[in-house]
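Worksheet: the structure to be examined is printed underneath.
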């Protein structure tokens, strides 16, 4: 088979895999949004969830009630966002990371990122918090999944770079948190470290692009609030960090090359 034929076959496999994972993400999106609704203060526990309005406990045996547009059995408060948003967010995130990574040993790790990312984005948009019950276990889970990918592929340099990216992102956001406590939550610091781990695996270009894009998108949103005189003391930065990470995952190398070409003197 010619090189072009192999490339065409590889692209078809990538497209089919991305489409399948996008469908999976779309199906899981409402469930992830439902679970995220049970973190009213960012300190909820996965084994003891409660409605954000009436604090009615939710048990794992109630999982059969999961559906789009579900409401609390105690007060009728909607659980999770309505409409097609959960489907679209899940499908987009799952499909995008699958297309970027392809049929590689690291794919399960990035699918975990997609699932956690949808839940975190919904929680941050709803209650302005990033639940520690999602961010904290994501560190060992993500590190273990990427470690298995390194073991399967022999790509230990990528794993070392991922750990460095995690430390650098966590450290940078920790400094920002200490300097600007009113404008940044510790959940944002935790999320930044997780995203640094995943972006670092893909390369320094992806890490820098994702970090700059996340801060840039958040800054533009904050500027828009100021211009419209709707400035709040705290707005959800998590979705913008996740969107920036997605930019780095998809186009980190291309955008870095474009910038380097523009910065190079003629």
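All positions are counted from 1 along the displayed chain.
Placed from the backbone N, Cα and C atoms, the Cβ positions cover glycine too.
What TrEMBL records for 112-212 is domain 'Prepilin type IV endopeptidase peptidase'. Residues or ranges marked as transmembrane segment in TrEMBL: 15-39, 109-127, 134-152, 158-179, 186-204, 210-228, 240-259.
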Worksheet item: With the transmembrane segment (134-152) as the reference, which stretch in 15-39, 109-127, 158-179, 210-228 has the largest tally of C-beta pairs below 8 Å?
Response: 109-127
Worksheet item: So which of 109-127, 210-228, 240-259 is most in touch with the transmembrane segment (186-204), counting Cβ pairs under 8 Å?
Response: 240-259
Discussion item. Counting only residues 6 or more past its boundaries, what in the same chain has a CB within less than 8 Å of a CB in the transmembrane segment (210-228)?
Written reply: 169, 172, 192, 195-196, 199, 235, 237, 240-249, 252
Item to complete: Could you pull the average pLDDT for the domain 'Prepilin type IV endopeptidase peptidase' (112-212)?
Response: 94
Worksheet item: Looking only at the domain 'Prepilin type IV endopeptidase peptidase' (112-212), what are its DSSP counts of helix, strand and coil residues?
Response: 88 helix, 0 strand, 13 coil
